[in-house]
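Listed in Swiss-Prot for this protein:
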{"type": "BINDING", "residues": "Gly30, Ala31, Asn32, Gly33, Ser34, Gly35, Lys36, Thr37", "note": "ATP binding site"}
Amino acid sequence: MSLSRIMVTAVRNLHPVTLSPSPRINILHGANGSGKTSVLEAIHLLGLARSFRSTRLQPVIHYEQPACTVFGQVQLAEGGSSNLGISRDRQGELQIRIDGQNARSAAQLADLLPLQLINPDSFRLLEGAPKIRRQFLDWGVFHVEHRFLGAWQRLQKALRQRNSWLRHGTLDGASQAAWDRELCSASQEIDTYRRAYIQALKPVFERTLAELLQLEGLTLSYYRGWDKDRELSEVLASSLLRDQQLGHTQAGPQRADLRLRLAGHNAAEILSRGQQKLVVCALRIAQGHLVNEAKRGQCIYLVDDLPSELDEQHRQALCRLLEDLHCQVFITCVDHELLREGWHTDTPVAMFHVEHGRITQTQDHRE
């Protein structure tokens, strides 16, 4: 998959713009604050219906406009194209259109436009809360296992019912038992999908990381959210009193985590910020390879401030790994000269200069 056309209106400081990007490498360069990251944010909105820069809606919409809109034409892996559009207003109303029809959920966008983000906050995947790593894991499972979304929705519904009962005692014994059975069934299905995904991801991650960084002894493991030697139904029964005291369910897939350890310690406590970023890059590129295999198409990479915290050797290694995916990449940087030697001469590269929210396409820097 790739975006052949992008139209952006009223996203932060960007002037209304229509872009025709390269199906491979796109470099957006300009001074800090010029609007480069806002272009990536607009693409992120189109693919996930949310910003990666803010949980609040107001800062995303240009201060003089009532709503922001992003439109994209996607070239599909199987041939043909699909038109996607998203609009959000200041009241929070969201409109999603796919090929002229209203879409039911953002999951439909995500399925058509798989996006990977690598930015200066990427280290949070290692340092941050388990929720961030679950999101990473479930993004991958969603794109390779079509049954995952249904199981995840069943889990969320069962959890809401059980947690409501824990707080308010609104269910009778039979209803409580029924929801516990549904919770256990969905949990087991999700655990099966996640476990299979991690087994596929680990060798690809290890090979990818070896191209970027030599880290002997780094291990990636999966914790499913409850004792591996006990059934979830048994764990729920034994922790019922504690769950009632807390008002929520402590065990289950909603407590799962990915664990990266080095020399017996949490890797985030040992690795430098630059090393953490390379580990995260390897994880996200490995996910891209699995998407390629499962969907016979590529995800799109949004790479914000690529030179940040990486020396020339590692920048070039990362560029080569992205290039080997044969996917579409959008990269921002202040000085595009730092990326001059990153690509094969036959790889299509489009250059865009961003200044005060205006975007102009410039000549390929290798010509």
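Each residue, glycine too, has its Cβ placed from N, Cα and C.
Sequence-distant neighbours of Gly30 (ATP binding site) (same chain, six or more apart, CB under 8 Å from its CB) are Lys36, Val334, His353, Val354, Glu355, listed in sequence order. Around the Cβ of Asn32 (ATP binding site), a 10 Å sphere holds 8 further Cβ atoms from the protein chains shown. For Ala31 (ATP binding site), the same-chain residues lying six or more positions away in sequence with a CB closer than 8 A to its CB are Val334, Glu355. Other C-beta atoms found within 10 angstroms of the C-beta of Gly33 (ATP binding site) number 12, with every protein chain shown included. Proximity of Gly35 (ATP binding site) to non-local residues of its own chain (separation of 6 or more, Cβ distance below 8 Å) is seen for Arg12, Asn13, Leu14, Val354, Glu355, His356, Gly357, Arg358, Ile359, given in sequence order.
Using the Cβ center of Gly30, Ala31, Asn32, Gly33, Ser34, Gly35, Lys36, Thr37 for ATP, the list of other same-chain residues with Cβ within 8 Å runs, in sequence order, Thr332, Val334, Val354, Glu355. Cβ neighbours of Ser34 (ATP binding site) (same chain, under 8 Å, six or more residues apart in sequence): Val354, Glu355, His356, Gly357. Other Cβ atoms within 10 Å of the Cβ of Lys36 (ATP binding site) number 27 in total over all chains.
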